[in-house]
Amino acid sequence: MSSELIGTGVSLVGLQLVSRLLTFFLNQSLLRLATPETLGTASIQFELLVNTILFFSREGIRTGLSRTQHLFIQGKSGGDGRRHQQIINTSYIPIPIGTITSLTLFTIYITTVTDQTRTQTNFTRSLLLYWVSVIIELLSEPAYINLTLRGETGRRVRVEGVAVTVKTIGTISVVYLGSYWGYDAGLLGFAIGQLTYSLSLCIGFWSTLFHCSSERNLYPRQVDNSSLSIGLDSWIHAADYSLCWALTRQSIIKQFLTEGDKLIVSKICPIANQGAYALAMNYGSLVARILFQPIEETSRLYFSKNLSLPSSQSPTTTKETRESTVDHTSKEESERAKGAIDLLKNLLKAQIYLGLIFITFGPPYVRIVTRLLLGRRSGYLKEGSSSTIVEVLSAYCHLIPLLGLNGIIEGFVQSTALESDLNKLSKLMGLWCLIFIGSVSLFNSPFISTQFSISAEVAIVMATCINMICRIGYGSWYIIHYFRSKYPLIPANSLKILPSSFTFIAFVGAAYATRSSLSHPSSSSHILRKDSADDPLISYATIIHLRTGITCLFGCLLVIMISERSRIKEFLRRFKSRTKSD
């Protein structure tokens, strides 16, 4: 694991830490001002709409162009200038695609939204501001891709951090001023916050790019000016187009698998429950997004750079051609492959440890944490909303480790897969969509929901878990097959990632102890009963329960440190060397 990689990862974790803490602060500040209906509309429906448009428009382009980083840098430093310009041209494709997609999806949404949602104050005005913010954020995409390919992670992180801060301040200011003047500005506050975020990104990315670049060719232009060159090839490279299109087709299905829970919640749940679900998702994803998203992005860049196809091959190369080059694999490529395996193993093992912690200690302490965060008299803890938040968070604790594993594995697949592999994956994702929908229908059926007391929101989380298991299973098979076919000399046990038996025993014991503490008669009467405004936040039974959890957590962390002491020492050594070099 290189020092550069550690530095990039730390920067991205720092960004997510600031971003999620500010989002957490925003939610906490708005709880007394924004109704569950407002939060459900903004955080479920509007956010789903915006994320879908941006994902369809740019995800395939971002992932595809990340494989061209070495070509981009070579062209910038005096190599193939034509290839360099083709990459720049490709980075502008999300703008027209996103504009058309946004007009289509916003029109569909405005014509199908329920009257209960449409009649909220400032609904139409807020929706228009969200559309404008989407267009502005799309305009920043070429600069974002350019900075990413240049390796300017630190500069990009600072811009995104400022944008999140501005968004938080803008949203809170509008909502508070509206409340002060007796005006319901909830939706309008979220919309203005989103608009200021997009403006900050666009201005920040482009100004940063102009500052760090001495080039003038930052805009699209034809690479072949001859009168005979009037087609697509005179603007972008055929291999880039083919790969980005394959990834974009896949992203359409992937977006449904990623955001399908919000789509289904918006259709089958009351608007107030959508707000409670959104709040539960924000709490549940706090730690997940701080750690998982930066790790996924950093590892994807690393795998794209170190395991990219040789110059003699392209992403459209057949699998037989790739396997025929195994005998010609250079020593340098083998070393890079060993480094990639080491990184992949460390990341997956770290995700497993985090998952064990969430599964063991999350569910027994969800109700206590929500009461501490929301307060006893919060409207979100009234009958209905309270059960939604607690039940969804408890189920989400089992989803978190699957999200982490899937992010790493899919990042590797998208960084190394041939176009034929991506097409196969797209077909499999179609199958997983059907499995996801079938799982939601099964868990939400009258028989299952009645017999096992499963709410619609929890059924969606459980279906998402099944979907993640399918994706992890295929990705794991792909990784094993990839290294066996391309690097057969690497030992088969190099990807052994399961923790030791002693570690599993420690976590099983901790799970038993914390759940026994929760279900003990002296504790359950205080902790498990329905929330009441007259109940004390902290009782003696709660203190005993917390003490049990803290003791078990420290014990499990000690076991992990003993089991992984050599890897921890190596990581600290590399981190210190990175700090000294800076």
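Just so you know, the numbers here start at 1 and follow the chain as drawn.
The backbone N, Cα and C atoms fix where each Cβ goes, glycine too.
Quick look at what TrEMBL lists:
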- 6-26: transmembrane segment (TRANSMEM)
- 92-110: transmembrane segment (TRANSMEM)
- 130-149: transmembrane segment (TRANSMEM)
- 161-181: transmembrane segment (TRANSMEM)
- 187-212: transmembrane segment (TRANSMEM)
- 309-333: region 'Disordered' (REGION)
- 309-318: compositional bias 'Low complexity' (COMPBIAS)
- 319-333: compositional bias 'Basic and acidic residues' (COMPBIAS)
- 352-373: transmembrane segment (TRANSMEM)
- 393-413: transmembrane segment (TRANSMEM)
- 425-448: transmembrane segment (TRANSMEM)
- 454-474: transmembrane segment (TRANSMEM)
- 495-514: transmembrane segment (TRANSMEM)
- 537-563: transmembrane segment (TRANSMEM)
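Touching of the transmembrane segment (393-413) and the transmembrane segment (454-474) is concluded from the presence of at least three CB pairs under 8 A, sequence neighbours closer than 6 excluded.
Long-range contacts of the transmembrane segment (92-110) within its own chain (CB-CB distance under 8 A, at least 6 residues past either end) are made by residues 45, 49, 52-54, 56-58, 61, 127, 131, 134-135, 138-139, 141-142, 219-220, 236, 244. Same-chain residues lying 6 or more positions outside the transmembrane segment (352-373) and placing a CB less than 8 Å from one of its CB atoms are 28, 283, 287, 291, 381, 386, 389-390, 393-394, 396-398, 400-402, 404-405, 497-499, 503, 507, 510-511, 514-515, 517-518, 527-528, 531, 537, 542, 545-546, 549, 552-553, 556, 560. Counting C-beta pairs under 8 angstroms (sequence separation of 6 or more), the transmembrane segment (495-514) fails to reach the transmembrane segment (454-474), with fewer than 3 such pairs.
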